[in-house]
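Sequence annotations record features per position, and here TrEMBL assigns compositional bias 'Polar residues' to 14-30. What TrEMBL records for 1-50 is region 'Disordered'. Here TrEMBL flags 63-79, 91-111, 118-136, 142-165, 172-190, 210-232, 263-281, 293-310, 317-334, 346-362 as transmembrane segment.
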Amino acid sequence: MNADADPGSGLPPSGTTVVSLDSPSPSRGATSAPAPGAADEGRTTTSPMGPGSRLWATSLERAALPLVLLLLVVIFSVLRPTSFATTDNAAAILGAQAVLVVVALGLLVPLRCGDFDLSVGGTLTLATMIVAVLNGQHGLPLWLSILAALAAGAAVGAINGFFVIVFGINSFIVTIGIGTFLLGVVSWLSDNRIVSGIDSALLDLVVLTRVLGIPLAFYYALALCLLMWFVFERTATGRRWLFVGAGRDVARLSGIKVDRNRWGALITSGAVAALAGVLYAGTTGSADPRGGVAYLLPAFAAAFLGATSIQPGQFNPFGTLVAAYFLLVGITGLQMLGAEPYVQDLFYGGALVLAVALSQLLRGRRPQELG
C-alpha cells in the first residue's frame with residue numbers, strides 16, 4: 001500500500017529541492033546560492049541564438065500545429081470546394097465531433113499527474129447506456145438520468161483510484177482492465193443491442209439548437225476547455241497536479257497530498273468521460289454498446305499532440321482542442337477525397353506515435369513540464 005505522508009516539521013534531507021505552491025513551475029524551486037565565480041562563468045556562456053531568434057523559434061513552436069491545421073483547411077477547401085468548404089461541413093466537424101474533444105480534455109487531468117486513464121472509452125459507453133436505459137426504457141426524467149450517468153463516471157474514476165493508490169498497481173493496467181470490464185457491463189445491460197428512445201430534448205440541447213450555425217455541443221467543449229485552462233493555470237489545484245506529475249517525491253516534500261491529488265484526477269477524468277457520454281447520447285439519440293471504443297485512440301493522440309503546441313512540453317487544454325480538430329479535419333478531408341476506411345486507423349495511429357515522439361523530445365528539453 002502507498003502511504004501519502006506529510007513531510008512533518010523537520011527539515012528535508014540535505015540537497016533536496018523544496019518547491020513552493022506559489023511558484024508557477026516546478027523548475028522554480030528554492031535552490032542553494034551559487035558558488036563564488038559561478039555567476040561570472042554563467043555570463044561568459046553565450047547562446048548560439050540571439051534573443052530575437054529564440055523568441056521567433058519559441059513562437060513558431062507554439063503556433064506550428066494551429067498553422068498546420070489552417071493549412072489543411074485551405075488545402076481541402078481548394079480540393080473539395082463544394083463539399084468541404086461549406087457551412088454545413090464546418091458545423092458538423094465543430095459540433096458533432098465535440099465528443100472527442102471532451103474525452104481528450106478529460107484525459108489531461110490524470111496525464112498531468114503522471115497517470116493514464118484507458119477506461120474513458122468504457123466510461124463514455126456506460127454513461128450513454130445509463131441515459132438510454134433509464135430515460136429511454138424506464139421513463140425516468142432526463143435530468144435524473146444524466147445525473148446518474150455523471151455519478152457513475154465519477155464512481156468509475158474512484159474505483160480506478162482505489163486500485164492505483166491503495167494497491168499501488170500501475171494506472172495503465174488498472175484502467176485498461178476496468179474499461180474492458182465496463183464494456184462487458186454495458187453489453188449485459190443492453191443485451192448487446194443499440195438502445196434508442198432517448199428524450200428528444202437532449203438532442204435539442206446538444207446538436208439541434210445552434211448558435212451562429214454551430215451546434216451547442218461545440219460550445220460545451222469550448223467552455224470545458226476554458227474551465228480546465230483556468231484550473232490548470234490559475235488555481236492551487238492545477239499547480240499541485242503539475243507538481244505531482246513532475247516529481248512525486250519532491251511534491252511530497254513540498255507538503256502536497258500526492259495520492260489524494262492522483263485519486264482526484266482519476267475521478268475527474270471519469271466524470272468528464274461520462275459527460276462525453278451524455279453528449280454522445282444527445283448527438284446520436286441512442287446508445288451503442290461499443291460506441292465509446294472508437295474514441296480512445298484519437299483522444300490520446302489529441303492529448304499528446306496537443307502537448308507539442310500552445311504550451312509545448314505540457315498537457316494543455318488549448319493545445320488539445322487544436323490537436324483534436326486537426327485530427328478531425330484531416331480525417332474528414334481524406335474521406336472526402338475518397339480515402340479508404342482503413343486510412344482513418346492509419347491516420348490516428350500514426351498521429352499518436354508521432355505525438356508521443358515529439359512529446360519525448362520536448363520532455364528531454366523541459367523535463368519538469370511534462371506530467
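Along the chain as shown, residues are numbered 1 onward.
Each residue, glycine too, has its Cβ placed from N, Cα and C.
From a predicted model like this one, the values you see are computed outputs, not experimental measurements.
Among the stretches 118-136, 142-165, 172-190, 210-232, the one making the largest number of Cβ pairs under 8 Å with the transmembrane segment (293-310) is 118-136. Contact between the transmembrane segment (263-281) and the transmembrane segment (63-79) is not supported, since fewer than 3 Cβ pairs fall under 8 Å when only residues 6 or more apart in sequence are counted. Long-range contacts of the transmembrane segment (118-136) within the same chain: residues 99, 103, 106-107, 142, 144-146, 148-150, 152-153, 156-157, 160, 172, 175-176, 178-183, 185-186, 189-190, 195-199, 202, 269-270, 273-278, 280-281, 286-296, 299, each at least 6 residues beyond the stretch ends and with a Cβ under 8 Å from a Cβ of the stretch. Distant neighbours of the transmembrane segment (317-334): 65-66, 68-69, 72-73, 75-76, 79-80, 84, 89, 93-94, 97, 100-101, 104-105, 108, 221-222, 225-226, 228-229, 232, 298-299, 301-303, 305-311, 343-344, 347-348, 351, 355; these residues of the same chain sit at least 6 beyond its ends, with a Cβ under 8 Å from one of its Cβ atoms. Beyond its flanks by at least six residues, the transmembrane segment (172-190) meets 116-123, 125-126, 129, 132-133, 156, 159-160, 163-164, 266, 287, 289-290, 293, 296 of its own chain at Cβ-Cβ distances under 8 Å.
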